[in-house]
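Right, one structure below, let's go through it.
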């Protein structure tokens, strides 16, 4: 009997090509489409119906079976409730990180095992290897521009070990070329950019449906009122667009940036200039730690880390590491480090894990 791989098919080109490559390698491939959002499932806000039609069309070309599963209840309980609580607390969460750990590599993994899977696979741009102790290791993808290891840092050994990542060494243009060459109907489909499983939508309107809007003052660090915000949940550190602050009489023409949120007074603190000192930090603290190997990294060794997805790695060293507390100091100041986002550590091309920025 051939080895069975259950592939998470999203309707996009990456997971479709991943399924094709696995079939070419001789695996028994079953496609599974995950539907994880039920609210306002209409053509304006959600493309789930079209995505499923794309999955069916891909499965037809590849000659594989496909099934649909609904994890909407799990998504709301494990991901969306956290998402709302973080925004309500003034932080800026990254739902994709939790979505991967709780849905794509937990709910989906459990479902796949129940279907007799030996492995699961996704279209993520990451690699997998093993360390000197034989533990599964998460590696950067060959295509540095598409590498998604930042979003998978919360996986544990039980989740990573049965996972296959066929796109690990492929650049995105080559993935699209493969899709065109074999006649996949979604070869030119654009990449999704919305909130994990919720899709692309007006963010403020979406949040306002679940959290009450609470306008307040925008002030300088000295306390001078320069405008009004629409609700602290709508803003993130380092944000420049959408502040609605014009030039101040007798003041600088430098652009304004969000520097802090004062939850106690419902005040948004803004500063002028990209390089303002309040936007720079050498030290970063984190909690809710998760280490892929199951053990914490050696605090005596140097590492690199990133505090946001598109950021270039920066050299750092660990100053505090115990229980669920991590403190790092970077060699150079980091810009707009944002509570609620993740700081992720790397040892070369190996993603070690990380935590939620305090």
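Just so you know, glycine gets a Cβ as well, placed from its N, Cα and C.
According to Swiss-Prot, the residue from 116, 123, 127, 129 that belongs to the ATP site alongside 8, 9, 10, 11, 12, 13, 14, 15, 34 is 123. Reported as a whole number, the C-alpha separation between residue 34 (ATP binding site) and residue 99 (active site, nucleophile) equals 12 Å.
For the recorded positions listed here (10, 341), the lowest count of other CB atoms within 10 A around the CB belongs to 10. Among the recorded positions listed here, namely 99, 124, 341, 124 has its C-alpha nearest to that of residue 8 (ATP binding site). If you take the Cα of residue 341 (site 'Interaction with tRNA') and the Cα of residue 99 (active site, nucleophile), they are about 14 angstrom apart, rounded to a whole number.
Cβ crowding, taken as the number of other Cβ atoms within 10 Å, peaks at 8 among the binding-site residues 8, 12. The recorded positions shown are 10, 12, 14, 99; of these, the one with its CA atom nearest the CA of residue 124 (site 'Interaction with tRNA') is 14.
The two recorded residues residue 14 (ATP binding site) and residue 99 (active site, nucleophile) have their Cα atoms spaced 18 Å from each other.
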